[in-house]
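S.K.: This is the structure I want to talk about, given as structure tokens.
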């Protein structure tokens, strides 16, 4: 019993620190400032929470050390720009980004430029050194050259510089150059005419006449029906063709129709109305009869006429 009791007393004595040491620590903390006390408490807390690493842990492989660090929440090599270890313990290359992460278009621009050379000392761009500084531009230039070599030459209509505009005309949609130029001239004329400038149209009447003749002449046509009728059109050069009259271009605005004076016709138009069979003025002058009395007499005469004829379909209501 005594041995067992002595053992217990020894165990308790070794496990708990002496009270004198604790009192000394408390006295030291009283003399210290508040910031120093906070720092000291943090250090003590870190020492208590930090796991004790044995030699066995140091002899473990990289994967086992990685698992232990994940379990205990230890971050090793957490400094900026240091080489970090992956799961198998191999060194991973770290990127130094002191000014923050550069993404997007700025990252593309900076990757092509050589580091360490200021733009003042950099030689001017040429075909030789463009690949060193801007490899992306070099690739684009090569692709453009390949595409230009593969393209076929397309016939381009020559037009005056003033009227040259971008027209999205498909390749298979062919039109005569004369028509295009004529349309351009008319557009230009209307543009200037709206701003009060006089325009003299220069039209090739002979060319327009040739175009009209070419439209009228048709080639041989065979009907698609089952009948045996053949339609043929033959040119007759002896026939007189009516010359195409060109309307002169107006240099002033046309007068609207409602402002023009209408020509007064000599023939008087008979007004539409009901024939009264007598002159109202003469009746009023000759007799003292009113219009109501006169119309009443006419109604009675009409009623007697219809009654004498016999039966009629119409009935007059007085």
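Cβ coordinates come from backbone N, Cα and C, glycine included.
Given the structure is predicted, the values throughout are model-derived calculations rather than measurements.
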S.K.: In Swiss-Prot, which of 35-56, 57-78, 79-100 is labelled region 'Disordered'?
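M.R.: Per Swiss-Prot, the stretch marked region 'Disordered' is 79-100.
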S.K.: Given the candidates 20, 184, 261, specify the residue that Swiss-Prot annotates with SUMO2 cross-link.
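M.R.: Cross-referencing 20, 184, 261 with Swiss-Prot, SUMO2 cross-link lands on 261.
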S.K.: Among 1-25, 101-125, where does Swiss-Prot put the label region 'Disordered'?
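M.R.: The range carrying the region 'Disordered' annotation in Swiss-Prot is 1-25.
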